[in-house]
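One structure is given below, encoded as structure tokens.
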Amino acid sequence: MLENICINFKKVKEKTPLVHSITNYVTINDCANMLLAYGASPAMVESFDESYDFAKLASCIYINLGTLTREQEQSILMVCISAKNNNIPVVLDPVACGAVPHKIALIEKLFEIGRIDIIKGNIGEIKSLAGYNAKTRGVDSIDNGNDSIDACISLAKKYKCIVAATGVKDIVTDGKRTALIENGSKMLTLITGAGCMVGALTAATAGVEDDKFIATITSILSMNIAAEHTEKEVIGPGSFKVKLIDNIYLLKENHLRKEGKIKWI
């Protein structure tokens, strides 16, 4: 399984997947730079008039609900319809869905009329979508309960998609296979946009890999190992954020192969 992850990582470098992103305004530049550093090609296209047609060109689509506007919402609907019609995978980051019921209604509609292949959120967001009690503070989760794995598996089965929940240990599941990723750095919680950047990387790996379970593990493991490298080189969150992009750029297959800490459940 780890070898498949390394192959997926290498394919991003070889194929330069085009990631069509409709993301939030807080981290849009971070996501674009992270994609470039990883070997992908970012396109931050959110205009309603362009969204359906541009989505046809993408290797994968990344949707982030962090600063949702009315035009973004309409564009997201069109992008998901285009993805369904043109067989383009979609990664969804349901930012703050636990705090904003309208976002949950939108997500239900996206599954109804469009396509979502991967949901990547923090554990609070995932538990909210799965119908579990969740502890959130705005866009942040303060929940790492014992039922986290059950919630992820339940949501994956409900929507027949990959679910990834980030936390102290990151959970990835397709409802049958489940992985716990134990790499990471506490410094990721001290910068804005770490989760958004992981979502963008997930779209890059999913754009070149048929097995979206593997693709999701690849992206999260990449970010976490790069974060471990970065933590050793910096003195605080400001330098950490800048150096993190450098270490994503410098990441090699052997780092994943030798340093990856994954438990298969």
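Including glycine, each Cβ sits where the backbone N, Cα and C put it.
Copied over from Swiss-Prot:
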type: BINDING; residues: M44, G193; note: substrate binding site
type: BINDING; residues: K120, T166; note: ATP binding site
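Here the C-alpha separation of M44 (substrate binding site) and K120 (ATP binding site) works out to 19 Å. Residues near T166 (ATP binding site) in space but far in sequence (CB under 8 A, at least 6 apart, same chain), listed by position: K120, G121, N122, I123, G195, V198, I220. A 10 Å cutoff on Cβ-Cβ distances gives K120 (ATP binding site) a total of 31 other Cβ atoms nearby, all chains included. On its own chain, G193 (substrate binding site) has V26, T27, D30, C31 as residues at least 6 apart in sequence with a Cβ closer than 8 Å to its own Cβ.
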